[in-house]
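Read through the structure below, which is laid out as structure tokens, and then see the notes.
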Amino acid sequence: MLSPAKTPAGIRAEPLVSLENVGVLRNGRWLVRGVDFSVSRGEIVTLIGPNGSGKSTSAKAAIGVLKPDEGRVERKAGLKVGYVPQKLSIDWTLPLSVRRLMTLTGPLPERDMLSALESAGIAHMLDAEVQHLSGGEFQRALMARAIARKPDLLVLDEPVQGVDFSGEIVLYDLIKSIRNATGCGILLISHDLHVVMAETDTVICLNGHVCCRGTPESVSRSPEYVRLFGSRAAQTLAVYSHHHDHTHLPDGRVQHADGTVTDHCHPDDGHHAHEHGHAGHEHDHDHPDHAHPHAHEAGERHA
């Protein structure tokens, strides 16, 4: 198993990566602008937002895959990053074992390989062919591959995409156990605007900029939810309440309080009377359901 590496109690962990007023411009259009957040050792930060809101772009800027056009990104010296992409292109007609998957980007000591697979709960599948794995098992294999080289920061792009509800619970429990065992920081990207991993320390809602941020509210307080999905789900998932002055439309555009509609919103676009700086506010609008994943590929980088 992986050995714990936690920050001593009472000492605030130094950020592994921090973004300050980051903007990424492509073809004359800002994909994201004015993005600020940080991830520290042992911390779980979840980025949520509709399709095309800049979640993957912000994560890539954080780990250095994309260079921001404005603002700055600071990373801990010698930062090691483990990355689980949203989509991994594999020719499923070719034989590929879990063992081979683990070493695609370079050799890996057998001990470290087995330790990572054991942490992911699939050590018994070392010689299994990946095309025979279920969606949840394949995600576990990708997580094992990401943690095998003992990263400081683990970036998970839509880790529960394509997995059924019970599989989501299992994978979120796995992410929690990885964080607890290693003390690594975790940057998690989710397309679900309302339900997030309960262990999340900070939720950041993006739609071209940081719309709002806060902490999740545990769904375990809802007897109806427990009756529907069970106590384990209630302990693993949490509801995040948004608190901003605009509505995310189903197509990803933004409807402002004055009724105007734009592709994205930004604090300096003239539509915002003020920005909220803390969680727990009520608001007078709802988010339509955006629970459909986007399909663009993510660039891959491993520790």
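Glycine too: its Cβ is placed from the backbone N, Cα and C atoms.
Pulled from Swiss-Prot, these are the features on record:
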DOMAIN    17-232  domain 'ABC transporter'
BINDING   Gly49, Pro50, Asn51, Gly52, Ser53, Gly54, Lys55, Ser56  ATP binding site
REGION    263-303  region 'Disordered'
Open item on the list: Test of understanding: give the count of other CB atoms lying within 10 angstroms of the CB of Gly54 (ATP binding site).
Closed with: 26
Task: CB contacts for Pro50 (ATP binding site) [other CB atoms within 10 A, all chains] - done: 25
Open item on the list: Restricting to the domain 'ABC transporter' (17-232), what is the model's mean pLDDT?
Closed with: 89
